[in-house]
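For reference, the structure is listed below as structure tokens.
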């Protein structure tokens, strides 16, 4: 059992246990005698039992009770603990999860229909102004009355929900859709009556977590769908919360808050707790959500990138998409590290994070006159010009990170302390400074964390600064005997350059599937205001007793529900669109120029270099344009099967993904994975090969004007030629499909790891349909 850390940008010690600069760490939770496994079975074997879940569950119970409980060689007759069945999976995957010893697992492998057993893992959790920033306006376009149908259901797999929040009231909503099969489960401080016509389902999945990590401490968490961490409440309201006028945090970001699809219903699936999210619980939540009848699934969580056939979320998401459910996942918060993107299966919408044009700036002025701009959610008075200390001048070993017990009261009392980002939570650093008697804190990024600014609701005057400012301040302290600084807080400021991709947002190219550009798109994920439980302080540290209705967070956890809500909006307008069609519409209409008409920048760079498709995918989502994309790239289940067959997986690995034994046709239609009808082009060249030519096939469907003509425009990547045939597509009716081919030739060999980017654009009188091209030498 493993626990991956730091997919949530704004996590604290209580939630993460410890934070290590947002790099993945692994903690073993394995019991001495048994581990938890997700057991994948051949769905054709299970299907032969009938569609009744009770029958299949009894069959699985018989299966695990039949496994050998004694030593296989007969030399050790010591009895083991009996295997324990945790969940039976019916829709998204076929199989079950159970606690098994290694001997029991070996016996299970002999059962007819067994495919494989994947060890459970602990995954980690990875808005007022954002609707306006996205171009959504009340009474117009996607937010007009006819488009705000309330029968679209968004399932949120997260930490639960605070049902009494004003964002989840059901005033004026019609009855719950009759097709809905979900329910509201009673539990600790959560009754079925807590659901309404907005929150129409609430379930908890904790068996895997409690078997692997710890029993739920009901003094700190709830054995129910009630949210004890705030993350789930925040993401649910971002996707589909009501419109709330005057929403703010301490007067900051005041305005009209609302979910992207505020007319949609919310179904809550709590599968995440203090130490993370057990994948067996997440799988059970996805499986149940599909059975219940959700239209969209939003998962702001994930683990380390891995091959799709051992990625439980990828496997379950494939099953969900086969049932017509759109699945949106966070890309992860491991940026700016290359190839850190997670949740990268092509049937998943993978979402990066970028900024709004709203900020919460601070001014840090040094005693030598140098001035730096930072960010903070602190709203008190500015500090005076105070002594400035860092590292050894602030305490003992570890004082540079301001961790528990490292600061000396004698050295920091009445002074401003500089703290490096990392190890513990950002707000916790301020708490440690306050405990030691410090008067303020300046948190600075390390070089690898770039210039991303983090606005936090600190418990004392504090701000964050980028790496370049941090370097200058430390140099100033080292060269000055009486270093001083002051911090001024400027409140809420609009009109900043935006969007800018967040430095923490995970990057491509994907390790699991380099033949697909990931992430797919970027969306608002920096300083997002959304609903918050009143019993959790905005800094998320125990000592913070402030009660707020809304909180401001950053992370791909925040960008993911934006896209989930937008998918629900598109579903309400285009009920017959497949998940792939919705995804295509959001991708091909995304923009790559910011509000100043310059290329979208990357916050990881001090020089504001342009972001690339490996940073933001197709670009920043534009929902109004996505509602009328002109052309779409649709993908069927058969297309995905051909894609999987082209990945050179063996038969056992393919069976894991498809949940049944499957033989790839000898002449399946895909020459390579790049032939998947994806709305982008990832080109892989062997840096040692002389053959630098690749050909792609695509099919587009006309969903715009019946009689329309599209002409291709190519922005070729540097050093590469791109040929498209035909160059003109003429449609004579709606839903007509036309094909084209793309030939990409590199002028010469390049070094391994080199990449160059361009785009392919189909243009008509009324539509622009754009796809990125990423060429990489391996």
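Even glycines carry a Cβ here, placed using N, Cα and C.
A TrEMBL annotation is a machine prediction, not a hand-curated record.
The stretch that TrEMBL tags with region 'Disordered', taken from the ranges 178-197, 198-217, 218-237, is 218-237. Residue 231 (active site, charge relay system) sits 7 Å from residue 158 (active site, charge relay system), taking the Cα positions as reference. Across the structure, residue 158 (active site, charge relay system) and residue 557 (active site, charge relay system) are spaced 10 Å apart at their Cα atoms.
Note on the domain 'Subtilisin-like protease fibronectin type-III' (675-775): DSSP counts are 1 helix, 60 strand, 40 coil. Residue counts for the region 'Disordered' (218-237) under DSSP, split into helix (H, G, I), strand (E, B) and coil, are 7 helix, 1 strand, 12 coil.
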